[in-house]
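Asks: My questions will all concern the structure given below.
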Ligand code: HEC
Ligand code: HEC
């Protein structure tokens with residue numbers, strides 16, 4: 001793994017902590033002059049929006065993912081994963097440490113129902129042959145390396161499948177490579193059997209660059225909702241998506 005890949009998330013997390021700090025100071029100051037905001041979900045998730053956007057649309061930061069429209073159980077599984085340490089990003093681990101399952105479920109449902117517009121797809125800076133390789137893996141897989149098509153589980157329009165497979169449109173290429181890299185290096189885990197861990201370990205560095213670059217250039221479909229549960233037969237068993 002290149003030093004750049006190791007350094008950038010650290011920088012992002014330091015930036016994030018600074019944001020939380022200033023957001024806290026701001027609301028303390030504000031609380032003295034303004035009546036408390038009503039206890040709506042929008043008010044409760046204010047601490048999340050600096051990094052994930054007001055409606056979970058994500059931000060310009062390459063490592064802060066879109067949450068909006070991903071299936072509720074997927075988001076819920078991730079919040080639990082951060083709470084139990086199956087995913088590691090200190091600001092996220094810290095924020096959910098003391099939140100109950102019920103509360104995490106409410107947050108997950110809230111963001112799954114948000115429908116903010118998608119960002120303009122990225123203009124890629126990789127070569128046309130790299131993009132073509134990425135498209136090939138995402139849509140058709142690579143049988144010679146037992147890599148199934150990403151679209152077989154994430155859907156033809158890449159908007160995911162209910163109840164717990166996320167969409168892959170609207171994500172930055174650095175975020176996608178960091179997540180696949182985290183599965184390969186063992187810092188991200190999903191409920192066993194962890195199909196993404198198996199798939200990630202069959203991809204080379206070049207494959208990861210290619211799929212991440214191609215995915216980040218894709219436009220979301222007009223109706224960007226996850227496919228109905230069970231509508232795709234997953235080529236591997238995934239613990240988070242029992243069939
Ligand atoms: C300091 C910035 C920051 C704050 C504040 C923050 N997040 Fe995150 N969140 C991140 C980053 C960065 C990731 C990706 C971490 C990784 O590499 O796994 C993430 C990941 C997630 C994921 C998994 C997304 C996915 O597609 O897998 C969920 C769900 C999530 N955050 C929800 C929340 C909620 C709910 C809050 C508020 C309680 C919150 N976040 C606050 C930065 C933040
Ligand atoms: C056998 C089904 C399956 C296939 C094939 C598959 N995925 Fe996944 N993917 C999943 C599941 C299930 C999750 C959710 C795992 C979890 O709960 O953390 C996931 C999650 C992800 C995430 C995390 C998204 C986020 O917001 O953090 C990325 C990135 C991803 N997959 C990329 C890929 C790529 C790239 C391919 C093709 C090379 C691929 N997947 C093929 C089932 C699959």
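Every residue gets a Cβ built from N, Cα and C, even glycine.
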Asks: Where TrEMBL shows 150, 153, 154 binding heme c 2, which of 92, 196 is named for the same site?
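Replies: The one candidate that TrEMBL places in that heme c 2 site: 196.
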Asks: Could you check which of 200-221, 222-243 is flagged in TrEMBL as region 'Disordered'?
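Replies: Of 200-221, 222-243, TrEMBL gives region 'Disordered' for 222-243.
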Asks: Expressed to the nearest Å, what is the distance separating residue 196 (heme c 2 binding site) and residue 92 (heme c 1 binding site) at their Cα atoms?
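Replies: Taking the Cα atoms only, residue 196 (heme c 2 binding site) lies 21 Å from residue 92 (heme c 1 binding site).
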Asks: Can you name the residues of this chain that are 6 or more positions from residue 52 (heme c 1 binding site) yet have a C-beta less than 8 Å from its C-beta?
Replies: 58, 59, 64, 65, 66, 67, 111
Asks: At the level of the C-alpha atoms, what whole-angstrom distance separates residue 154 (heme c 2 binding site) and residue 92 (heme c 1 binding site)?
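Replies: The Cα atom of residue 154 (heme c 2 binding site) is 24 Å away from the Cα atom of residue 92 (heme c 1 binding site).
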